[in-house]
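Over in Swiss-Prot, the protein carries these features:
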- 31-494: domain 'Topo IIA-type catalytic' (DOMAIN)
- K39: site 'Interaction with DNA' (SITE)
- H75: site 'Interaction with DNA' (SITE)
- H77: site 'Interaction with DNA' (SITE)
- R119: site 'Transition state stabilizer' (SITE)
- Y120: active site, O-(5'-phospho-DNA)-tyrosine intermediate (ACT_SITE)
- 473-492: compositional bias 'Basic and acidic residues' (COMPBIAS)
- 497-752: region 'Sufficient for MukB binding' (REGION)
- 732-743: compositional bias 'Basic and acidic residues' (COMPBIAS)
Amino acid sequence: MSDMAERLALHEFTENAYLNYSMYVIMDRALPFIGDGLKPVQRRIVYAMSELGLNASAKFKKSARTVGDVLGKYHPHGDSACYEAMVLMAQPFSYRYPLVDGQGNWGAPDDPKSFAAMRYTESRLSKYSELLLSELGQGTADWVPNFDGTLQEPKMLPARLPNILLNGTTGIAVGMATDIPPHNLREVAQAAIALIDQPKTTLDQLLDIVQGPDYPTEAEIITSRAEIRKIYENGRGSVRMRAVWKKEDGAVVISALPHQVSGARVLEQIAAQMRNKKLPMVDDLRDESDHENPTRLVIVPRSNRVDMDQVMNHLFATTDLEKSYRINLNMIGLDGRPAVKNLLEILSEWLVFRRDTVRRRLNYRLEKVLKRLHILEGLLVAFLNIDEVIEIIRNEDEPKPALMSRFGLTETQAEAILELKLRHLAKLEEMKIRGEQSELEKERDQLQGILASERKMNNLLKKELQADAQAYGDDRRSPLQEREEAKAMSEHDMLPSEPVTIVLSQMGWVRSAKGHDIDAPGLNYKAGDSFKAAVKGKSNQPVVFVDSTGRSYAIDPITLPSARGQGEPLTGKLTLPPGATVDHMLMESDDQKLLMASDAGYGFVCTFNDLVARNRAGKALITLPENAHVMPPVVIEDASDMLLAITQAGRMLMFPVSDLPQLSKGKGNKIINIPSAEAARGEDGLAQLYVLPPQSTLTIHVGKRKIKLRPEELQKVTGERGRRGTLMRGLQRIDRVEIDSPRRASSGDSEE
């Protein structure tokens, strides 16, 4: 083995190699520098374009020319990656304040990567790039050798505004990433000025000025102020953006989409839901975007009755019409280390950078002024002694030392005198020199005054920030509008709300008819079959069936066959226990209270929603004692209503319905006491249940007789829940009861 070879453990070599690569990616590729807000490739593109003379007023040049210069001189990487970085800086929908002014196809909001090849597009720097470049040749930047040591490039650009916040950036390094959102130039400049005026400004005071991110789109930022504050306090978090829409001629028109969201992609997402019958209330989609309206997506509902606010809320939850953006304010600070910083730290550190840049610029200018004044002093000496100077120049072999010794000049002054042209020896030149000297002396005093006074330095910083904010600033584009979180609609919510009548036959066949004006008994039934029950409701309400074992089932009316046919057997849609039959059917609002009871005399109160079970096997709703049956469910209109229970033997008991417990399932509590021996022999049992308002009058039908019971007479049957009840004379076999209520005039008969 050669003596030149170095022996190194593999783990040590790989560890060092990976660490070096990681540091390179972090420091020299993925993360921006706080001073100018640029990654190295962006900085090199901007600098190379300025070196090519491609300023905002220059003629456009082929982008390939710029990319070639960047790769050949400063950035030895792939041309496609370099060009893509350049494209991003030119896209007004990607960058809040583009650095490159492009001509040709530079991509579209719908497809940012649809840009033409670099041999076709042309580019130059935008006016905004002056904020990064205008002070470059004024001693403000540190210079470093390029990759092959043949050229010098700036280590950072002397940004006049906090570009790190204005344009933001994203990048993935090794073990860390950055996601800095763009901000409004005027807001950030104003915040920086506030920090100069009052270095102890708090984060809350800054957030009164900087409202939040400002993306290059008119879509709304819907994140709450409290969450935005937390993001700027910790340097991490996320914001949500939501599309802007309005109603126009019954349709929804979307006029602004979240940042980097494609309108075509959104339409695809909505169309996919329509194909899958997830949006039955939407009839049509159109993209009417053009040059005048860059974003105009139209959603047409099926009818004017559709609640488009609810539909849009669903679309916000299920499509890119609402999008979340990660924020991670990770950047390379002035100390050369990557760190996540909060808003106060970013602006404070940038002001340190800016103050240093301005100080360097002023010192550079002061040095130039002092050099020129020094030369002007020498020239004045020459003009005052012009004849002697000419004689020395004509007669001396070495005129420079002679001039220096005769007039006490420095080498620089003597050199300047010797370089004077004869025409500059005119009398008027002396006046010009004295005028220039006077102006430069004023400038020198001014520069020295600023450099010596912190107050004057602060005033200069503020004045420059204000001037740049006025020249380059614009109004906020992304409004902040705090909104509630969007929720996707359930399948139940999506169903159209139309009146329907559900019809059940004796043999358990079911069908759905549109409308409520249906003659259910007069419909066509199978041979040997006939009408059993009908309920009216809306097509987006579930219809509930209760079987003879006390189980409940729910079906959406939209899944039922049309009433034009004879329907379908319920057993094809539900799995009933062996021997069970469907006894009751009902449709109510979700929170409607119902009385569920068995003829054994037990019952409880529940809501309609407690009955809903969308699985085929249903749910155990009411627990039945042996040989007991389910009573028809009774609607409870008001908590103050009374419950009237009537047994087969004619015993009556009335008590407040509120005495019964509210359960979601179970046996319930005893309504009326029925002796077990009589119940077993079938001699007695709960026969009828009525819920009636207080002060109701009853008309009881016994055979052909009608007996009226007024409120005061009903007091005789009022008692505690669970008692035996009262057997009133002549009322042993009650056929039916009519309720005459001061509040409700309709019949209280609950049977189907």
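Keep in mind that glycine also has a Cβ here, set from the backbone N, Cα and C atoms.
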Position of peak Cβ density within 10 Å, selected from the recorded sites H75, R119: H75
Non-local residues, at least 6 beyond the ends, that sit with Cβ under 8 Å of the compositional bias 'Basic and acidic residues' (732-743): 644, 646, 649-650, 687-688, 690, 692-693, 695-703, 749
Which listed residue (K39, H77) has most other Cβ within 10 Å, given these are recorded sites: K39
Y120 (active site, O-(5'-phospho-DNA)-tyrosine intermediate): tally of other CB atoms within 10 A of its CB: 12
Integer mean pLDDT for the domain 'Topo IIA-type catalytic' (31-494): 93
Separation of alpha carbons, K39 (site 'Interaction with DNA') and R119 (site 'Transition state stabilizer') (Å): 24
Cα distance (Å, whole number) from K39 (site 'Interaction with DNA') to H77 (site 'Interaction with DNA'): 14
Cα separation, Y120 (active site, O-(5'-phospho-DNA)-tyrosine intermediate) to K39 (site 'Interaction with DNA') (Å, whole number): 26
Rounded Cα separation (Å) that holds between H75 (site 'Interaction with DNA') and Y120 (active site, O-(5'-phospho-DNA)-tyrosine intermediate): 22
